[in-house]
Amino acid sequence: MKALLICEQREGKILDTSYELVAFADRLGAEKVLVLVGKEAPKVDAKVYLADVDKFGEYNPDLHKQVVLEAIHKENPDYVVFVHSSYGWDLAPRVAAALKVGQVSEVVNIVDGKFELTLCNAKLRRTVAPKGARAVLTVQAGAFNAVEASGSAQVEAIDVAGSSKLQFVGYEPAEKKDVDLGRAEIIVSAGRGVGKKENVAIIAELAKAFGGELGASRPVVDAGWVAHSHQVGTTGQTVSPKLYVACGISGAIQHLAGMKKSDFIVAINKDKDAPISEAADVMVVADVLQLAPVLMEKLRAA
Ligand SMILES: Cc1cc2nc3c(=O)[nH]c(=O)nc-3n(C[C@H](O)[C@H](O)[C@H](O)COP(=O)(O)OP(=O)(O)OC[C@H]3O[C@@H](n4cnc5c(N)ncnc54)[C@H](O)[C@@H]3O)c2cc1C
């Protein structure tokens, strides 16, 4: 079984998720071959097809698709694997359509060689197996722990003739945020379990008592209870504070992807079986609205 791993870089820096794809292939027990439109190959003991980023652009769906199709032509892989990122969301279906094969999106685990996906806001999981001989997959960021960047790739340059009406112009820096969670040493995050907007103030106060910043899960942001700059997860910020306190957060894979590299994780949840318990160093089974005032009192007295 062979997996062609479509890696990503940004402005010369190989993204960590590329090494998550390697971990995915290793878990699958597949021979791995990597493809990157970039400058330097990932550090891995495997063959890497390297396409010149100056020629093909940081991103260009027409040209990058041609590069991937050329690598598929050379390697005849069983699986063509992308990260479930904005790059993968855009490119994977284009490749699947060109190959006329099915796509399995957002794989979070491998069980007996089949692919596990989440559904119902990550409350349930289902297992699927592609029917055809080949499939395109996207793998959820954070679902597989990245392998260490070490090894020496057998690099082969890949070039394709192709034209596109699109041109990569550049990245636009995000607006300056009111909070920089990336630098925070302590983050206390509010999840849907806090119940209503007014209760977020309690978690914000708790964050202050810890000397940290307020984070949030996506539903809390989507509901307009706090600004998006506080969101942690795949569509928010990736954080790695010394202490992360998750208040009323279930631990969906998209949230975990953004915070699981925290040094120490405390989860406060009414449900002892909430998935966050698997990532937490300490799981406090409690109503966070009852616990928070007690905790604040202790912290202030300390
Ligand atoms: C493409 C995509 C991208 C996404 N990106 C993100 C992202 O960046 N960040 C993110 O967070 N999510 C993201 N999500 C959403 C994610 O799948 C989950 O839906 C979300 O993380 C769930 O948020 P939650 O844990 O706050 O809510 P829920 O899953 O509803 O969990 C609430 C938890 O609170 C507990 N609870 C309830 N009441 C209390 C109480 N009084 N005290 C203590 N515990 C209580 C419950 O037991 C439960 O575990 C994304 C989803 C998709 C499809």
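Heads up, the Cβ atoms here are built off N, Cα and C, so glycines get one too.
From a predicted model like this one, the values you see are computed outputs, not experimental measurements.
Taken from TrEMBL as is:
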BINDING   ARG192, 217-218, 231-235, 248-255, ASN269  FAD binding site
DOMAIN    3-172  domain 'Electron transfer flavoprotein alpha/beta-subunit N-terminal'
Task: Reported mean pLDDT - the domain 'Electron transfer flavoprotein alpha/beta-subunit N-terminal' (3-172) - done: 95
- [ ] Go through ILE249, ALA252, our binding-site residues, and report the one whose Cβ sees the most other Cβ atoms within 10 Å.
- [x] ILE249
- [ ] Could you check the binding-site residues ARG192, HIS255 and say which one's CB has the most other CB atoms within 10 Å?
- [x] HIS255
Open item on the list: Validating a neighbour-count step here. Other CB atoms within 10 A of the CB of THR234 (FAD binding site): how many?
Closed with: 21
TODO: Report the same-chain neighbours of GLN231 (FAD binding site): residues 6+ apart in sequence with Cβ closer than 8 Å to its Cβ, ordered by sequence.
DONE: GLY215, ALA216, SER217, ARG218, VAL220, VAL221, GLN237
Task: DSSP three-state assignment for THR234 (FAD binding site) - done: coil
Task: Helix, strand or coil at ARG192 (FAD binding site) [DSSP, three-state] - done: helix
